[in-house]
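Taking it in order: structure first as structure tokens, then the write-up.
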Amino acid sequence: SVCAVEVSPMTAFSWLYRIRPSVCHKPFAAMQHEALMDKWDDVAPDPNQLRWLPFTIPKAADGKVDFVMGLHTVCGAGDTRARSGIAIHVYTCNYSMTDKCFYNSDGDFLIVPQQGKILVTTEFGKMMVEPNEICVVQQGMRFGVDVFGETRGYVLEVYGVHFELPDLGPIGANGLANPRDFLVPVAWYEDRSVPGGYAVINKYQGKLFSSQQNFSPFNVVAWHGNYTPYKYNLDNFMVVNCVAFDHADPSIFTVLTAKSARPGVAVADFVIFPPRWGVADHTFRPPYYHRNCMSEFMGLIKGHYEAKEEGFLPGGATLHSIMTPHGPDVDCFEKNSTAVLKPERVAEGTMAFMFESSFSMAVTQWALQKCQRLDKSYYTCWEGLQTHFNPNWKPKSK
């Protein structure tokens, strides 16, 4: 069960009423996880446009992999100890966490399921999160993940700040992601002894540590407060779009933001490109070619992204680094340069998203080599672009 929540109020805290306090555990010991990391200097910088084919989900026949062991860091920047930065991960798993929970001392997890629903059990209660929904588990909250087959998704992690709704400015009181549509769990508990040992895994300063206790940590009978996990259905996003000509900035598609100390500059934005109407006149309607001062990591939950219908696939990703040019592929450019401009539905049956950050991202060795999903031919999608400049062209007289 879930109920509505205010996202990221100015003062956030919660009281939890437990059967047994969480301090009752054995000492933490380091545990190995080769693919989860925050060391950004291990690989030389690479400013190229990068694209990954859908990340491989391990088959059950090849071994059991749960959410924690299925986490793989793709890129990131900053320092967990300085409480400033970001990391982007994917998760690929086939097995539920059994007598095991996880919590993150470094920051918040924004989880985007792509294939397979996940049941997230937290100290505050349970959330069923399906593809086209997201959930946020904030710093320090213990949770477990149950899966129902081969499962894949994306994780945006921020250090030192929390996600909140963007300022609406001239939009006013209503629009984008409305507060009423965010849901939190209703209290649920189990009073369960685990004589064989229950593992509590802690991500601390970029490393994983595990401790043992003999009872379930999900023993919170009741709670109150406003520091909670929460979920959101992306179908509830109220789209704002251009209705005359040209493009509005993609910031109009921001669901949640993690602000930096500089006004107008985010540690990270979570942006979606949902189904909507395209009606702009005298305009090249797809995303324009551009460079900018943000790093743009994109993923595709379902469907076909309008700017690159081939090659950018559900479960895959792209990364366009700070000031690296990017934009529509050849087919998209040619098709939309001659299209008749009439009102049309855009991105029907599609949900693409972007993790955008002011940090300059470093890409991990796993993402560049070990995962074997990097599409090294990505740059060729622009090679066929031709000049259409005609110095003698003049607009038709009215």
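A Cβ is built for glycine as well, from the same backbone N, Cα and C atoms used for every other residue.
TrEMBL entries are annotated by machine, without manual review.
The domain 'Homogentisate 1,2-dioxygenase N-terminal' annotation in TrEMBL covers 14-234.
If you look up TrEMBL, you'll see 236-389 marked as domain 'Homogentisate 1,2-dioxygenase C-terminal'.
Sequence-distant contacts of His247 (active site, proton acceptor), defined as residues of its own chain at least six apart whose C-beta falls under 8 angstroms from its C-beta, comprise Ala280, Thr283, Pro287, Tyr288. The active site, proton acceptor annotation in TrEMBL covers His247.
TrEMBL lists His290, Glu296, His326 with the feature Fe cation binding site. Close to Glu296 (Fe cation binding site) in the fold, though at least 6 residues off in sequence, lie Thr318, Leu319, His320, His326, Met354, Phe355, Glu356, each with a CB less than 8 Å from its CB.
Here TrEMBL flags Tyr305, His326 as homogentisate binding site. Note: Tyr305 (homogentisate binding site) has non-local neighbours Phe273, Met298, Phe312, Ala347, Thr350, Ala352, i.e. same-chain residues 6+ apart with C-beta under 8 A of its own C-beta.
The Cβ of His290 (Fe cation binding site) lies under 8 Å from the Cβ of Pro325, His326, Gly327, each on the same chain and at least six residues away in sequence.
Other than the site residues His290, Glu296, His326, same-chain residues with C-beta atoms no more than 8 angstroms from the centre of those residues' C-beta atoms, the Fe cation site, are Pro287, Tyr289, Arg291, Asn292, His320, Thr324, Pro325, Gly327. Looking at the domain 'Homogentisate 1,2-dioxygenase N-terminal' (14-234) alone, the prediction's average pLDDT is 96.
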